[in-house]
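**Q** Relevant sequence annotations retrieved from TrEMBL are reproduced here:
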REGION    1-32  region 'Disordered'
COMPBIAS  1-10  compositional bias 'Polar residues'
REGION    69-88  region 'Disordered'
COMPBIAS  70-87  compositional bias 'Polar residues'
BINDING   114, 132, 134, 135, 277  Mg(2+) binding site
Ligand code: IPD
Ligand code: CA
């Protein structure tokens with residue numbers, strides 16, 4: 001079945017109005033009254049929610065143009081926590097642009113951004129915009145075309161709108177709670193996610209393509225656990241591993257979430273990234289039928305600020321739980337500590 005919704009030659013910058021439609025019965029949706037009461041308790045309504053989505057797309061596209069026109073080689077990066085955790089002038093300029101646009105449009109909403117975050121800052125329950133101006137800064141610095149602007153709105157500390165835009169490929173992923181998730185490509189084609197409307201069976205980890213990242217903490221117990229699990233995922237079953245199809249690292253947790261939402265990647269296991277890396281991808285994934293549980297065994301309901309994530313693509317719930325339990329079993333009694 002063709003899942004494509006529009007196939008026009010419209011310019012990419014005109015995609016603000018994604019064809020978000022009422023939720024279909026397959027989605028876990030409360031009734032309309034419950035939904036509007038919930039939104040009203042936060043000063044929101046359906047129309048405003050869609051305006052926010054359109055504004056986030058428009059701001060992400062503008063931010064994307066800043067990224068594609070920047071030359072990181074003349075804007076040297078500086079280390080944050082260590083030599084692998086870097087920031088450029090473009091990260092900061094994009095965050096300022098996003099902040100200024102959002103606070104002028106929505107002055108009563110909070111703003112939490114990677115480059116202005118201070119350790120100890122906590123997500124509020126009131127409406128909050130979350131911004132990662134460049135997720136995949138190392139890719140940006142090296143010229144690898146996997147970087148994204150990641151923008152989300154949370155209420156009650158849960159993502160409700162998410163937009164992830166990779167300006168180098170021209171992909172824009174967007175999701176709105178209750179209304180589904182969509183990908184618009186550089187060619188102007190918009191498709192509902194997951195890309196395949198009937199997800200493939202996912203009976204074991206052995207059949208999965210798994211996203212992992214390497215982080216920038218390269219010593220200590222978290223590093224030992226990370227690399228040991230990566231090895232076990234890949235190792236032959238005869239030697240106690242899961243023998244997954246393979247592992248992939250895009251260098252952007254936001255894009256990893258979106259690739260799981262699309263169904264291109266089956267799972268993404270990650271500890272140590274931050275709320276701005278995952279907030280937008282989280283709602284895009286959920287609206288595509290996926291789930292997010294903890295990277296650590298046993299926690300089926302992680303918080304968006306918890307820094308521990310296992311994202312699983314849309315599939316039957318029993319299959320999703322099956323691969324989660326298999327991956328957790330590989331960890332034994334080891335846990336990330338962040
Ligand atoms: C990075 C990406 C990457 C992850 C790193 C993050 P940044 O974010 O999300 O996937 O492995 O730990 O720092 O720094 O490019 O925004
Ligand atoms: Ca970033």
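The backbone N, Cα and C atoms fix where each Cβ goes, and this holds for glycine too.
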**Q** Can you go through the binding-site residues 132, 134, 277 and pick out those with a C-beta less than 6 angstroms from ligand 2?
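**A** Within range of ligand 2: 132, 134.
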**Q** Please count the residues of the region 'Disordered' (69-88) that DSSP assigns to helix (H, G, I), strand (E, B) and coil.
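**A** Within the region 'Disordered' (69-88) the tally stands at 4 helix, 4 strand, 12 coil.
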**Q** Between the binding-site residues 114, 132, whose Cβ has more other Cβ atoms within 10 Å than any of the rest?
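**A** For the binding-site residues 114, 132, the Cβ with the most other Cβ atoms within 10 Å is 132.
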**Q** I'd like to know which of the binding-site residues 135, 277 has the most other Cβ atoms within 10 Å of its Cβ.
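**A** Neighbour-count leader: 135.
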